[in-house]
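J.: Feature list, courtesy of TrEMBL:
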DOMAIN    2-219  domain 'Glutamine amidotransferase type-2'
ACT_SITE  Cys2  active site, nucleophile
DOMAIN    286-426  domain 'SIS'
DOMAIN    458-599  domain 'SIS'
ACT_SITE  Lys604  active site, for Fru-6P isomerization activity
Amino acid sequence: MCGIVAATARREVSAILLEGLRRLEYRGYDSAGLALIDSDHNLLLHKRQGKVAELEQAQAMDPKYGCVGIAHTRWATHGAPSAANAHPHISGERVAVVHNGIIENNEALRAELQAAGYEFLSGTDTEVIVHLLHQQLQSSQSLLQAMQTVVERLEGAYALAAIDVAHPDEVIATREGSPLVIGVGIGENFLASDALALRQVTDRFIYLEEGDLVRMTASSLQIYDANGNRIERTISQLAAHEEATGLGDYEHYMLKEIYEQPRALAATVPATGAHDIADEAFGTGAAAVFDRVQAVQIVACGTSFHAGMVARYWLEELAGIPCAVEVASEFRYRKRVQHPGTLLVTVSQSGETADTLAALRNATEAEFISSLVISNVDHSSLVRESDLVFLTRAGAEIGVASTKAFTTQLVAFLMLTLVLGRRRNLSPEAASAMVSALHKLPDYVEQTLKLDPLIKDMASAFILRHHALFLGRGIQYPIALEGALKLKEISYIHAEAYPAGELKHGPLALVDADMPVVAVAPGDELMEKLKSNIEEVRSRGAELYVFADENAGFLDDPRVHVLRMPHCPELLKPIVYTVALQLLAYHVAVQKGTDVDKPRNLAKSVTVE
Ligand code: AGP
């Protein structure tokens with residue numbers, strides 16, 4: 001989604017702003033822009049539809065320089081992708097604003113400002129903010145005070161940064177519902193919607209809280225909380241290895257991230273105890289909470305939701321705990337009834353997904369005994385607002401298609417199953433077997449990665465297809481869903497997943513020679529049933545791609561292509577099979593020539609509803 005970068009320094013900052021935008025490209029966007037205040041206190045602007053590279057080209061052709069500036073990548077919500085709708089928006093040739101989020105009362109504000117004589121040049125909700133700020137500056141003592149008054153009129157979610165030629169040394173910023181982080185430099189300060197954008201200039205960050213308002217110059221920082229009180233926020237120092245984001249020798253981030261899984265999975269299992277997992281892996285106070293848990297409610301979106309669906313099988317079968325799973329956008333708006341003693345578990349790679357965050361925020365103490373988040377991003381909003389936290393150690397995930405975040409989420413859920421299960425019917429021997437399986441997981445994933453050339457060959461059969469059907473049974477059904485999601489989001493092939501037993505209840509009507517069918521068939525107790533479903537498909541003339549255990553006894557024939565997967569413990573199969581499906585989607589997308597890491601219309605972090 002949209003990205004913000006801002007800087008105040010004693011040096012020229014246009015290159016820093018552009019590099020920051022480039023680092024935010026992975027979030028998804030359709031236009032970009034920057035505004036600078038030059039040494040003569042003029043407001044200079046570049047805006048382009050399309051990629052940051054086009055903005056860089058505009059800057060190369062017509063350089064604009066300044067020591068204070070704001071920049072933005074926009075993912076269209078209100079108003080089509082265009083240069084006119086790109087941020088920054090300006091008012092009165094003096095104020096410029098960049099904005100992430102949505103201003104819900106923008107229509108009323110627009111009408112009021114138009115009546116006051118303001119002319120609107122864009123179709124965005126953001127433009128009301130810059131005109132309000134300009135209007136307020138006529139009577140305010142300072143840019144800070146003007147912004148303070150403006151935000152009182154805004155309804156919705158926002159992260160904002162503004163500059164004004166009459167206050168040429170400062171950047172003013174505020175957040176409510178969208179993340180914002182200050183990068184603390186020496187004799188210079190920066191601001192961004194993601195620390196990743198500023199790793200080139202600093203390793204010291206202040207993560208702003210909801211309602212914070214900031215005045216930032218090259219040499220000073222003033223932060224005010226939601227009540228207008230001046231406060232100090234803690235500076236966090238990132239270690240040198242954190243957030244390393246280069247592509248290395250890989251062609252795409254997605255491939256790099258698929259291949260990083262053995263390391264990410266190993267890092268996510270705490271080193272402590274060869275036979276057990278400590279409750280404290282989920283935060284201090286976790287043991288007391290876990291003692292009271294009688295049911296689990298999981299809430300998430302997209303791939304993280306699929307992780308929750310897999311977890312339901314583990315929590316109910318192995319830990320004997322009732323578990324419900326729901327997509328956050330539905331959960332948040334529904335009247336709900338919870339079991340007594342329910343633990344709310346949110347799952348989010350980014351920790352900033354708007355619906356998941358809203359679900360956490362509207363969950364009440366009467367419904368849940370506590371909240372736990374499984375996230376990949378420390379300091380994210382979900383992490384800061386949850387009672388208990390499990391941080392997956394996947395490292396920065398740049399590709400829009402989630403890969404290593406998903407498999408590490410599954411590891412987190414296996415550990416949650418273990419700590420809750422040993423309070424119920426999970427024997428110490430079974431718990432110890434789970435831990436030892438977890439320690440072997442990176443090896444099985446390595447073995448699966450070695451199948452990459454075979455999967456690449458298989459992928460070529462999909463590139464001229466418009467549809468694909470994924471089948472799985474039991475715990476592999478959510479894995480089939482995840483395989484279909486990966487394929488559709490990066491290759492734009494319409495892919496659907498069904499529990500194999502549902503075939504005859506409708507989807508079989510779609511099956512013919514043009515519909516490739518992918519079956520996730522690890523060889524568990526549902527194998528024989530799945531084999532009959534596969535026959536049903538084969539007899540309708542479809543080409544079948546079966547991902548099966550090497551010992552499952554599947555035979556190739558001209559229309560049945562079997563990928564023999566390494567034999568591994570049942571428990572690990574959802575994770576191991578996912579890796580093969582990720583590779584399938586990746587190779588189909590590469591062979592189709594799509595933008596694998598930044599698929600059209602999608603954003604990495606969905607911070608608006
Ligand atoms: C995954 O490939 C997707 N791009 C998407 O479904 C994602 O998982 C979803 O938006 C949730 O994101 P989160 O994990 O950051 O909350």
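Placed from the backbone N, Cα and C atoms, the Cβ positions cover glycine too.
Automatic prediction, not curation, is the source of TrEMBL annotations.
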J.: By a simple count, how many Cβ atoms lie within 10 Å of the Cβ of Cys2 (active site, nucleophile), its own Cβ left out?
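T.: For Cys2 (active site, nucleophile), the 10 Å Cβ neighbour count is 28.
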J.: Sort out the sequence-distant neighbours of Lys604 (active site, for Fru-6P isomerization activity) for me: same chain, 6+ apart, CB within less than 8 Å of its CB, listed by position.
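T.: Counting only residues 6 or more apart in sequence, the Cβ neighbours of Lys604 (active site, for Fru-6P isomerization activity) under 8 Å are Met1, Tyr26, Arg27, Gly28, Ser350, Glu397, Ile398, Val400.
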J.: Could you give me three numbers for the domain 'SIS' (458-599), the DSSP helix, strand and coil residue counts?
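T.: The breakdown for the domain 'SIS' (458-599) reads 66 helix, 30 strand, 46 coil.
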J.: For a three-state summary based on DSSP, what are the helix, strand and coil counts in the domain 'SIS' (286-426)?
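T.: For the domain 'SIS' (286-426), the helix, strand and coil counts are 59 helix, 28 strand, 54 coil.
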J.: Mean pLDDT for the domain 'SIS' (458-599), as a whole number?
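T.: Result for the domain 'SIS' (458-599): average pLDDT 91.
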J.: Three states by DSSP: which one describes Cys2 (active site, nucleophile)?
T.: coil
